[in-house]
């Protein structure tokens, strides 16, 4: 069971009181002996300690208390906890340590998290730390840190278990035991040729039930599900989900193995990508951090672009209204129904767009399904429009008589149907032109439907009223 | 690498031609010998075969070809593939098998997937199959099938590795080897007391590096992260993600172990929940299947409820307009800006609501963060409103002179600020009253802002125009 907020909060306050007052007394002994505090922390899991440290730094500005708490933990544990903190907190903590202390922590971090942190450091610090590292470690770090964000290379770790081609099962098991403390996972093993080429994979489970004298090459699976370093991280997460993998091996252009993406990192990527899609659905740009932490200026920038663009797009609605000024003047009651009609069309259209965008993101809907989806939307949106027209018609009669009711009902069906089909098709069109289908956001779709809805509504009104006028 | 659509499609068409024509020739030998086809299928992974079968049934209506393909596979493989199909296809396939054949497949399925399928069967079929099962298996199935959808019990599997308290490490390793073929995962082990109580857990990794003679009770972790059967599935997925688990044990009310939720199932749940949240953000109800497969009538029902409700809510906007008819008549140019102003407020408000809803869903934002979020939104929305006001003011001057520009700019700031704060606060209010914060959907938020925006705009207009009139 996860610790509840109250427990974490209480412990945080304990740590705060102890270390902040200790620091203010200029090095005086903390109220509780560090051993006792270390013991208490020992009962808490790393992500929970991470949350405490985050609260210490974020809410209380008590960086020194966070650093002191980290110092209470064993080194590998401290490195693990550090990996759960947001980048800027990691940076602040490492900034408070001297090179030797920082290096001790960095060495124990997962290679992927170490590379991320490394990329945040200033040039001087980076150089200073690199100089102190062993050559092999330095090259591994430099390589991992060099991959572009958002691709497999940037989320993979180099801490995997490689088995040399030709090893026996018992040799391989020995190797698993040796690498167990350092590897991110020992449950999926990768068989490499002498030149580092990935030639097969096997699960630890397979290895354990195989005859000890067998050669790994005879039991491994040769057709390996893998990704290249430059594959998009969302594709990696999808492969992991589709094939229920514990880890996905990552290779360079020459099929040489360079790392793995583990299931837990793939799950984090999937959550990040879902958040990004949800935000895009409202025309919000990609946020690297949670909404509670992202700098206000960034939040402003990520929101303002489309809002301003859509202000200008909305001018078309205004132009439509201006064009039909005579119709409006002749029957002012019509304005009463304007927000209702364009709002309804926008809602139905945003629904249709969202269903397609999410269907595409999860792989449920492909470009080839376009025709089928169009047919389905025609039926559903037609029914929706009819239902909503029936709901609004009585109000039309009440407000303006039969002619207005007819205008409003006919407009409702037309606008809802048009809006839904537009919302449904837009993601396909974007995909077709190699653009992100998620650009078909609710604000964009509703804005377009607003403008077209105005024209549809007043065109129908002008026609019906002219007919009624001619009839009268 | 996942197989591309073309390869899968080609193989599907091969299978289709072979088995459909074979069936039409009334039992004549298929064009290719089954051995050869089985060999080709052997090179393809289960989820990919599942996709082929799904296409056979869905696009070609060739159920018999799907059943024949399944019969080519070894039994455990066939059961595995079956688990990747949508429920209604599983049902169709099992419906085409006699009881003995169906039972053979069911017995090899994962216990969680078997229970799901079982729940879809008719009463008679269920009884017939249950009668043929061994008692222990029958009870396991009945129990798993009894849990309500959406909770831990409904997604867990009973195929885990239980280690009896008191066993030595080498005994435990032997047990792992024995259960390896059947267990969903052998990488996390659970230590149970004689009465089935969950008293500890250890990873296979820990077990492998422990001294063979040690007792498991001495190396296990006693503080187990777990869920009870009735815990919500999204909470389960969140625990798995937060603590990077391979599997999460599930216990009944008496702390007796009843199953595990594996990392891959947790990832599926997370995706399902993200889809649900995205749909809710557009006022679409929960869809049990992908948008391409859900019945049209269901899709209609899931979309129509809020659309119709919002038609009536939108009447308030109309009423607002009716109330200010005199102002509108006095300055018809004002109507030009109406869609723009209420649309902008709606967009900004929907953004703010979405940011909060997703922040709450991912655990980034808690109820206690309300004040902090309000302060941040005030600053960001104020800046957004100001930017948009500056964008629209020149158009105001062009269309109606300084007074109109002033009205439009002032309205823009007020409506954007009000809309954003409303959108931001609504999820917190809903959460406070134990309602789903995701109900604060874009359509709901924009509809409310439409109505209030009308009032804000024309109130400001009336005031400014009266002032201008008095001044002139």
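Just so you know, glycine gets a Cβ as well, placed from its N, Cα and C.
According to TrEMBL, the protein has these features:
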{"type": "DOMAIN", "residues": "A:220-276", "note": "domain 'CBS'"}
{"type": "TRANSMEM", "residues": "A:304-324", "note": "transmembrane segment"}
{"type": "TRANSMEM", "residues": "A:330-357", "note": "transmembrane segment"}
{"type": "TRANSMEM", "residues": "A:378-397", "note": "transmembrane segment"}
{"type": "TRANSMEM", "residues": "A:403-430", "note": "transmembrane segment"}
{"type": "TRANSMEM", "residues": "A:442-468", "note": "transmembrane segment"}
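By the Cβ criterion (under 8 Å, sequence separation of 6 or more), the transmembrane segment (A:442-468) is in contact with the transmembrane segment (A:330-357), since 3+ such pairs are found. When Cβ-Cβ distances under 8 Å to the transmembrane segment (A:378-397) are tallied for each of A:304-324, A:330-357, A:403-430, the top count falls to A:403-430.
Outside the transmembrane segment (A:304-324) by six or more residues, the chain places 283-285, 338, 342, 441, 443-444, 447-448, 450-451, 453-455, 458-459, 461-462 with a CB less than 8 A from a CB of the stretch. Per-residue confidence over the domain 'CBS' (A:220-276) averages 94 (mean pLDDT, predicted model).
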